[in-house]
C-alpha cells in the first residue's frame, strides 16, 4: 500500500475499464455473500450492504466488490465458490445463512489465504475467521428484560413472542428470562411468531383469547410488534399497557420518537452491522491498521429522548 | 381391494352403514372442536370463533378455487406468491392515488379493481402456459411462484410496503367490520364456498372438471373443450386469489416478501383433507371448507394450550393432516 497516491491516479484514469485485468496485483477484490431480503431485517441488511459498497468504491478505487445474495445455504456455498474461482477474492465478508452448512466451504476459502470476516451468525468451528462482527443476542434479550422490569415496577403478566427457532432466538430468550428473574414479572406464555407479521397477529389473537389480563407484550421484533399491535387493537383490549418490539424498524422508531404510549421503547439490533463489517474489512486491506478480532455491536435501548438518532428514513427497514 | 375390508383394525366395510369417506373430515373436525372445548373454556367463545374463521378465510377462498384446479387434474403452486404480489401492487397503486383522489372509498374501489384484474391476468397467464403451451402445471406454477415472490421483494425494495395511514383507517372495516356480528372475511368465504359447491355439483362446468380430471382423452372425445375448461379453472383461481388479497390487505395494511408464504401448500392440504383426489377426477368443495377449518383450528388449539412444546407444532399439524386423510381412505374404490 505504499503507492496509494499513484494507484489512485491510475485508477481514476482507467476507471471505466475493468482494473483487475491489467493490474491484478494492485486491485484487491472483496467478496460479500449475504442472505437475500426475505424479511424486513434482511431487507435492511441488503440496503446497508449496497450503500457501504457504493461508498467504499468511491473512497478506495483500488478495491473491487462482488456482492451476492442467496436465498438458501446451498446457493450461498455456490456463490462463495464462484467468487473464489472467477474473481480471485482477497477477502470474504459472509453472513452465513446457517452455521453448519457454511462452515466447511468458508474454511476451504480461508485455507487459501483469503481474509475471512464472519457477520452475525458464527460458524460452527472456532478460529476460521479473521474478524467476527456481530450483534449481541444475549444482550438484546437482557436489555429488553431490564426495560420490562423498569416499566412494570410492581410486576405484571406478560406474554412473549419468539422468532424462528434458532440459536439467535434461544440466546435472546435466555437473556430476557435472566433479566426478569425474581422481578415479579410473570411470563404467561411464549409462542413462535417466526419474525413474521401475520404469524404474530395470529399468535397474539390466541394469547388474548386465552388470557383475560395481559399487562405487556415482549414482541422481541418490530415486524412481530406490528402484528401484535393490530391484534390488540382489533380485540379492543385496554389491559395491555405496551408492546416492546426490537431491531429498530423505522416506523416503530418513529412511533417511539412521537411518544406513542403503546410503543414506549425499542431495542436495537442494527441490520447496518453488515456495513461495519465491510468497512472494517476494507480498512484492513488498504491500511496497516490491525482489524483482526471480535467486534460486538451492543444492543441499545431506544427511548423517546434518543429515538431521533436511530431513525434512518432511507432504509427499507 | 374388497379382500381388505376384513383386515383387523378396519371397521368400515360393506354393510357397516356409515360412509367414512364422506364423514372422515367432519369426524376429524368434530374431534378437534370437542378437544378444544375441553382444553380451554375460551375456545368456543364468540371472539375466538370469529378470529379463527376470519383468519382462515384467505386460505379458504383460495382453496375453493384450488378444488376446481385439482379436480380438473391440475395444480397451482403460485397462489401464495401471487397473493403477496397482488397485495404489494394494490398497496402501491392505492398509495399513489391518495394525493389525487383522497383517502376514501374511491381509492379503495380502484385498489380492489386492481387486485381482481391482476388476479385474473395472473391466473390467465398460468392457464395459458399450461393449456396452450402444453407445459406441466407443476413447472409453470413453480416458475410463476418464484417470479411473483421476487417481484414483491423488488417492489418493496427488500423491505415492507405499507398502506397509507389514512387509507388504513378507511379500509380497515373490510377485515375488522361486518354484518350482524359476522365479519366480512367470513361472509365472503361463505358466499364463495356456496357458489363453489353449486358450481361443482350443479353446473356443466363442475362436471366437465371432474371428467377432464379422470380422463382428459375421453372428455375430449365427448366434445368437452378441455383446454378452455382447464384455462377457466386457473383464471377462476386467480380471481379468487385477488378476492382473498382484498380481504387480507386491510388486516395489517402491509405486504412484504414474507406475505403468503406456504399458502399454496396449506390450500392444497385443505383440498386433499376435504376428500378431493390429488390426481383429479373428483372434487368436493364443502370438504375443502372442512379441511380449511381443520387446519385453522389446529393452529388455534396449539396456541391455546400449553401441553406441547411450540417446537412440535409442525409435527402435530402433520399427524392430524395424515390422520384426517386416513380416516376417509377406507371406502374409496381403489383403497
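Note that Cβ sites are derived from N, Cα and C of the backbone, with glycine treated the same way.
TrEMBL: automatically predicted annotations, no manual curation.
Per TrEMBL, transmembrane segment is recorded for B:20-40, B:52-70, B:77-97, B:103-125, B:137-156, B:176-198, B:231-249, B:285-302, B:308-327.
B:231-249 is the stretch from B:20-40, B:137-156, B:231-249 with the greatest number of Cβ pairs below 8 Å to the transmembrane segment (B:52-70).
Counting residues 6+ beyond its ends, the transmembrane segment (B:231-249) has Cβ neighbours under 8 Å at 57-59, 61-62, 64-66, 68-69, 71-72, 74, 76, 79, 82-83, 86-87, 90-91, 111-112, 115-124, 126-128, 130-132, 163, 171, 174-175, 184-185, 188, 192, 205, 209, 255, 259-260 in the same chain. Long-range Cβ contacts of the transmembrane segment (B:103-125) within its own chain (Cβ-Cβ under 8 Å, at least 6 residues beyond either end) map to 78, 82, 85-87, 89-91, 93-94, 97, 144, 148, 164, 166-167, 169-171, 174, 231, 234-243, 245-246, 249.
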